[in-house]
């Protein structure tokens, strides 16, 4: 999720039970860590009851970006993940306003979710503007990690890809340093059209402050 106090300032209410049952899931970290088998697999069949292309956004915040994708691709399925509940409540409101039937929001620690994602089930992973967390004591909380890339290499279908955007040069460099350890992933510079396809809140925010937006399209290479 993007940096700053934006989520803390949100004025939102907890979704009513019937709306939450449709759009919202909470997977507590303690239980997910100690009893992962109590949670469903993160695939379209388990979460939506059908086989369909599945996109996962890590750190989706208020769901602006992933709801736009879900609106444009009604036959696909989408899961937005964030560790904080309040922005997800706004994401649920957005999905209801748009009448979406192909999206679920999941409050969970993304690092604990990877074990619940089967092989070759994701067409796209979205990781846009993750927090840098560059203090030494926070390094293990980074979403840009070997653990995340290992999950991407395993869970993306051949030809699928991870979309990565950041305004932070150190995070971009870290991603480039980690990639060579994953031979089935290939990092390509994001094209101008990919960078401009839709600008989320954080994209607009950091671009307006004059920060350079860097991006990679990290493709899952088909095995020969």
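Keep in mind that glycine also has a Cβ here, set from the backbone N, Cα and C atoms.
Values in this document were obtained by computation on a predicted structure and should not be read as measured data.
Among the candidates 109, 119, 167, the residue that Swiss-Prot names alongside 57, 82 for the S-adenosyl-L-methionine site is 109. For the binding-site residues shown (57, 82, 109, 167), fewest C-beta neighbours within 10 angstroms: 109. Note: the Cα of residue 167 (substrate binding site) and the Cα of residue 57 (S-adenosyl-L-methionine binding site) are spaced 18 Å from each other.
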